[in-house]
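Annotated features in Swiss-Prot:
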DOMAIN    157-252  domain 'Link 1'
DOMAIN    257-354  domain 'Link 2'
DOMAIN    647-683  domain 'EGF-like'
DOMAIN    814-874  domain 'Sushi'
CARBOHYD  N130  N-linked glycosylation site
CARBOHYD  N337  N-linked glycosylation site
CARBOHYD  S418  O-linked glycosylation site
MOD_RES   S418  phosphoserine
REGION    408-427  region 'Disordered'
REGION    438-651  region 'Disordered'
Amino acid sequence: MAPLFLPLLATLVLAWIPVALADALEGDSSEDRAFRVRIAGDAPLQGVLGGALTIPCHVHYLRPSPSRRAAQGSPRVKWTFLSGGREAEVLVARGLRVKVSEAYRFRVALPAYPASLTDVSLVLSELRPNDSGIYRCEVQHGIDDSSDAVEVKVKGVVFLYREGSARYAFSFAGAQEACARIGARIATPEQLYAAYLGGYEQCDAGWLSDQTVRYPIQTPREACYGDMDGFPGVRNYGVVDPDDLYDVYCYAEELNGELFLGAPPDKLTLEEARTYCQERGAKIATTGQLYAAWDGGLDRCSSGWLSDGSVRYPIVTPSQRCGGGLPGVKTLFLFPNQTGFPNKHSRFNVYCFRDSAQPSAIPEAANPASHLASDALEAIVTVTETLEELKLPQEAVESESRGAIYSIPIIEDGGGGSSTPEDPAEAPRTLLEFETQSIVPPLGSSEEEGKVLEQEEKYRGEEEKEEEEEEEEVEDEALWAWPSELSSLDPEAPLPTEPVPEESLTQASPPVRAALQPGVSPPPYDEPEAPRPPRVLGPPTKTLPTPREGNLASPPPSTLVGAREIEEETGGPELSGAPRGESEETGSSEDAPSLLPATRAPGDTRDLETPSEENSRRTVPAGTSVRAQPVLPTDSASRGGVAVAPSSGDCVPSPCHNGGTCLEEEEGVRCLCLPGYGGDLCDVGLHFCSPGWDAFQGACYKHFSARRSWEEAENKCRMYGAHLASISTPEEQDFINNRYREYQWIGLNDRTIEGDFLWSDGVPLLYENWNPGQPDSYFLSGENCVVMVWHDQGQWSDVPCNYHLSYTCKMGLVSCGPPPELPLAEVFGRPRLRYEVDTVLRYRCREGLTQRNLPLIRCQENGRWGLPQISCVPRRPARALRPVEAQEGRPWRLVGHWKARLNPSPNPAPGP
């Protein structure tokens, strides 16, 4: 007996040792674990379609060891998603380094990590139906790791709804009522887009909550291209007339009660079905309730009546015997075009709904084979074929608009033209007086180059491009045919067109004096009482021998007396501030070039260079200096003339109205007003918008509800002398969004360069209000134009430019009328009735004339054009000269466009 017992005992001991050792090791491992990961909350966590969900995950350290953890660095956090037996990585983070999977880009975040090493909660936004599943939170720190998992359920379903009588039968108001009638609500664009990302497809146009009409397409096909051609996505017809008829996309979410199938042996008519449910303390279910139950897992292969007279059944596990190979709520129609509900006397089962205080669990899905459709289904067809897309009016079906925007003629006056300014304010001014002793260059003196200051004139405007050919002429004499009275803008004083005889060159002319306030805006073209700019008097009279006669006379040198300052105490309109785009070193003003004498500098006989289309060069005669004058705040300069006593010693809150800028100065607070406003606090309107336009902070706005593509809308705005609205401040954003509550175009676009967004009116991009995730240009679909979504705080989204939306036009409160007409020059470009402030136009001389002086004029802030300075003189025919030899080492001189020798010998060498 003993020999048998000992081997058995030894076997038992050997079998027990590994088990005990494993238990001991496991216990030690549990005791040595540094932390544990836990996901708080009741499972499953529920989120709503298109919304956001926070999955809480916290790290609990069992035995804190700060020094050890600090040496190990930040923990590694990994979130994974498990669904259908497959695992996918969501994100991995360690410290500030985060890697996000492409499917979750811009949708997930760790809001507390790494600031908090114990809170690694995940925020998942823009929830989609396929976001339902298991989420696992895993943390690794050194050699320790721990994880936890939780189930997430995304509830909410978007579905297309239509009346049984016909396709596309709902107006916008009727669509909202229809969704409410079936226990749902009209879906939002975000919900439809989230459903699309979850795989939803429907080739039927339907209303959404923002009054747009859209439909989602996963597989593009000829009948369902919409506005996206061959790309998948949500097709969008834009905001349409509320009386137009379409289907509607509804959204169902909660099922606060129990939905069950009533299946009596003899089936039921519609009225019998209502009675059947009432006898059981329930009522016949609505379509929205059935969709919510299907979204919760209800699977019944048995068609039943619903409250709207439709017959449907929910399928979670698809089969060929139960509606084909796709899950969803199946609907029975009488006709292949998916219209016609079954006759109310037909017999089917019924879906009933019983209210409860708390949402009840959906009954477990039964085996589809146990709930076969009734024999009555033989006369009913379940349509699964592809239907033809709704044919919209021609303007809504077009290819995307691309390319540049071209100017169009003005056909309507938008209230342009300049208004008469207010009476001039009493303020000191500084006058400049120029004295010119002679206008004839000294031919006998040594040549001195005049100082030329070059400045780029950057200007905007719709000007025609014209290629100009510069002709180098060889003249036998200097041409002094200056445009008489041109500077005074007198249309009755024509310029001389006949060549000046050789015998009529002047030796000297009387002094010429001009007195203008620096920065004073020139009056409009037709005001005779306006101060005149410097004027050049008299044609030359003294005869000088021609080069053929062998000598050239040297008239007395001319002297240009410097500017003299004269202080006066008198009233008069003034403009202050440095000219825009010009440095102080030039010593000249954009608005005061008329202060310069209309003569050439001593020793400089060259014509002014004709500026090109891109830039122009301004020539300031040598020896002329114009000192920068003090800036005098006046109403005409759109600044308050009297200091406002500060209430708190600063500009908070700002006392200025109408978008004025508050400036703190030693004497108090001063308001810098926008164009069109004046007064101490910018509370006085100096200009007003045309009837039908709304004024806000120096601009006028007009909203148009007619739907157009972006390019058509921009062209319509240009017909008024305006552009699609540009937005530069949050206040302007709120004004447009709150006043014109529509899904509308704005002027922002990247039609020229992808990703480089610019305003159509050329103002810089100083403010942005993009929707999260925008701009995205989804699937390279040509989303080059920007819309403002009013129901979402006016945030912006980029969409294809051929959408048809309403739009708002914007123009400046102050504008200029047609430019001054000159007798010998005309303006480039097509004429318009109004021009925005800072618009620059260019004159060109008529054929046969040569241009001198700057040809540009600018629309100023007071609604008046700057004074034209261009001079047009007759062009002399070229005359060949016989070459002569130089003597005594005297150099050749350039006089006009020909060369001549000083004091030539009496016997010049013969020509060739």
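Quick reminder: no glycine exception, Cβ is built from N, Cα and C everywhere.
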Which value does the mean pLDDT take for the domain 'Link 1' (157-252) in this predicted structure? 90
Quick one: Cα separation, N337 (N-linked glycosylation site) versus N130 (N-linked glycosylation site), in Å? 30
Would you mind splitting the domain 'Link 1' (157-252) into helix, strand and coil residue counts from DSSP? 22 helix, 30 strand, 44 coil
Please report the three-state DSSP label of N337 (N-linked glycosylation site). coil
What does DSSP give as the helix, strand and coil breakdown of the domain 'EGF-like' (647-683)? 0 helix, 12 strand, 25 coil
Over the span of the domain 'Sushi' (814-874), count residues by DSSP class, listing helix, strand and coil in order. 0 helix, 28 strand, 33 coil
